[in-house]
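The next block holds one structure in the form of structure tokens; read it before the comments.
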């Protein structure tokens, strides 16, 4: 009986940690979703999907962990086994996702131009340059918010505004480019952020993709321990049921 309680407590503890990781991924996705939506407006519609995937994965992990907790609280063999089956599938998905994200991250940091050669991908650099050049009224708010959030200016740098068709004052930059914000600060071009938004976006995505990749790999390793504990716990439930019947 003491051994059964030990396995049960260990299984519940794992589920609590598992649920916390799901809630964490869900929170990261929700908090970063507005920024990804804005990036999607100016650098391609595929970027917002990153936040959606994080929200979906976090939600799935949270629901599956609840399934495990119910199985543990009610000593239900079928619920625990269902949880283990879901967990194995999640582990495989996380390993594949982590590997893909890490590969994508490596290519993006070491050779960003290589992404343009991937079939079906969006050339974010060309897209960003076109959006800055046009500076259309419907995308101006998104461009300004990205320049403020990522502390960048233009596609490659402040000089891009000198050739922008949609920006009238070629001797200045939008106020969103300024290091220190203020009305009309863009007229002092030398005080604008020097980093281009293409580089800033790659750094923004790189940090988050690397973090997601590492989290997926570490979660997969931790979840292998959860499968081990869960398998032992399910065996103990089965044994307890047999003892009660006899």
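Glycine residues also receive a Cβ, built from the backbone N, Cα and C atoms like all the rest.
Heads up, TrEMBL stuff is auto-annotated, nobody curated it.
Some features that TrEMBL has for this protein:
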type	residues	note
DISULFID	152-185	disulfide bond
TRANSMEM	12-31	transmembrane segment
TRANSMEM	52-74	transmembrane segment
TRANSMEM	80-105	transmembrane segment
TRANSMEM	209-233	transmembrane segment
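With a cut-off of 8 Å between Cβ atoms, the residues of this chain six or more beyond the transmembrane segment (80-105) that come close are 11, 57, 60-61, 64, 67-68, 71-72, 115, 206, 209-210, 212-214, 216-217, 219-220, 223-224, 226-227, 230-231, 233-234, 237. Proximity of distant same-chain residues to the transmembrane segment (209-233), defined by a Cβ-Cβ separation under 8 Å and at least 6 residues beyond the stretch ends, is recorded for 7-8, 10-11, 14-15, 17-18, 21, 25, 50, 54, 68, 72, 80, 83-84, 87-88, 90-91, 94-95, 97-99, 101-102, 104-105, 108.
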